Amino acid sequence: MPAKNPLQRIARLFLRPLSSLSIHLGNRFYIGLAVVVAAAAIFAIASGSTAGMKNKAYDLIMKTRFQHPAADPDIVIVDIDESALAAMAPEYGRWPWPRNIMGELVEGIAPQQPKAVVFDITFSDPDVFNVAGDKYFRDVIAATPNTFFPMIRLTEENDSRSQLRVMQLPGVSKLDPAASETATLAVILPFFFDVLTDHRLGTNNIYTDEDGMARTYDVYADEYGWRVGSLPASVAAAVGATLPDQDEILLNWRGKPPSYRRVSFHEVYLDLQKSQKTRPADEFAGKIVIIGSTAPSLFDLKTTPVAKTHPGVEILATAIDNLKNRDFLTVLPTWVDILVTLASLALLTLAFVYNIDQRVVNLAFTVLQSGFLAVSYLTLNFSAIFIDLTAPFTFSLAYFAVARINSMFSGFRRSGQPFFSTALDEGNACRVILVQCHIHLRNHRAPLALGASIKKQVGLSRYGLVTSPFFKDMPLLHAFFRDTAVFCWLVPEEKSQEALQDVIAVMERSLPAIRKSARRASKDGPIATWQVHGFSFTVDAEETWRLKGEEGMAKLFALAVKVESARSSGVVRVVTTKEFIESCRTAEGLKVSEELEKAGLKF
């Protein structure tokens, strides 16, 4: 069957060697593939190369999960939103406002005894036009120990230019006993940082990943052997939370913003100026009050898994919430990913090596892959554990895809498919052995189970091929062949003896499963019948070899007439054509067990 066009010829040049290699390697291919994929998986997971997949899975789950933790009701945002900017503009300007306004707000709500007042504003430079306002604000902050402020960490390249020693920062502690006391740090501080005693100051940098997405928040940073805490960590520790012993947390988002209760800044501030206040006197009692902005015009926005424009103050609130309630996401160690991946690869390898029924393998693989996705998705809906199984999913899929392609290549070559095999090229002499196995069991499941076992043995053979079920889409005709399977051996004439040995070996290896089925069915007499025919032909241009093939199929099915007259005292019987027996007689070294001889395979 020559190639009809150049593309077909080129395809054959590549596909035939590949399929030949597939046949030559046999099960060694699946084992070798497993070793290669496992090594790649271990390296990729251990080196962090799968972080991108992990991030995408995290983003997708966070965006689509149907259940998320409720925002802590004790966290309230006093929001400098667009309405506040507009309301304050006539008297104080749009932004920035005089610092005494912030001092008046803090002083005004202090009698309500909030747990903490947190500023998401960096007061880096004094207001040279309102020195009195700055002094007032500074005095209020000094007298209010439950106020917290951010500092901005600059890049390390600027550290050598800074005159601020790390040890001068309030609240820092030594991580390394040998930490240098002269190490300097480049940070932007509030101009009044000297009155911020203890842990009232913390870094407020929101670092994004390479794709520009904010997913984590610092707990602390190791700066030249000194532990410099973040703003959320300082606040959480102040309200009694136990901080985790890790430098950052993966945020457990409270849904799309706005997640936390917000009150507009101007509503609170202007009410405090009234002699007859209209807002509740205990509005902020026991609360963590965060003063920040969601106004787009102030540009404090980030991209997160749950929102393209997520206000920074909401991200800060989420970090404080996570640390306060200790429900930040726990990520399983990398060895778990590696172990699950290796276990999955091992199961798939066993399935292909032992030629488990293709339908079973496909179903099991689908369930396995769906399970990986379901576990990852559901755990983030019902717990604070992020079980990321995208790596096992990906490497299992890669293995399965390549293994399935190899299995297909092997099947195509065994069947003589012209792109993969030269068997049916003009002038080639071929040997074909057709085998039909009929199972005589009434229970519908029993023939299926036994048939699957026999097909497995054919798949494990060197040359055997399992054919597709007859008339699968035609219920009536399919019912006639429902408990019948047809197998085929196609080899060059010079390999006839190997093919005969292969056929006999399949029948021998199938005997234990047949005996087991007979015991379960408590049935006397044969429960399986083998019908075997063999013939040879030479591929010619006139295609007379096709007629021999049709003749061969007819002779195979004609053997059904001899089944009833064939006697066997065992669980199996064998009916053959004269051509097959003659080929067995001329072959050297063929051996048959006594059980198969009694079943009818004699030559």
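Numbering starts at 1 and runs along the chain as it is shown here.
Backbone N, Cα and C atoms are what each Cβ position is placed from, and that goes for glycine too.
According to TrEMBL, the domain 'CHASE2' annotation covers 50-352.
If you look up TrEMBL, you'll see 29-46 (among others) marked as transmembrane segment.
Per TrEMBL, the feature transmembrane segment maps to 332-353 (among others).
Per TrEMBL, transmembrane segment is recorded for 360-378 (among others). Counting only same-chain residues 6+ beyond the ends of the transmembrane segment (360-378), those with a CB under 8 A from a CB of the stretch are 57, 61, 65, 344, 347-348, 351-352, 386-390, 392-393, 396-397, 400, 452.
Taken from TrEMBL, the feature transmembrane segment covers 384-405 (among others). Proximity of distant same-chain residues to the transmembrane segment (384-405), defined by a Cβ-Cβ separation under 8 Å and at least 6 residues beyond the stretch ends, is recorded for 30, 33-34, 37-38, 40-41, 44-45, 50, 53-54, 56-58, 69, 250, 252, 327-332, 337, 340-341, 344-345, 348-349, 352, 365, 368-369, 372-373, 375-376.
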Using a Cβ cut-off under 8 Å, which residues of the same chain at least 6 positions beyond either end of the transmembrane segment (29-46) come close to it?
21-22, 334, 337-338, 341-342, 345-346, 348-349, 352-353, 391, 395, 398-399, 402-403, 406
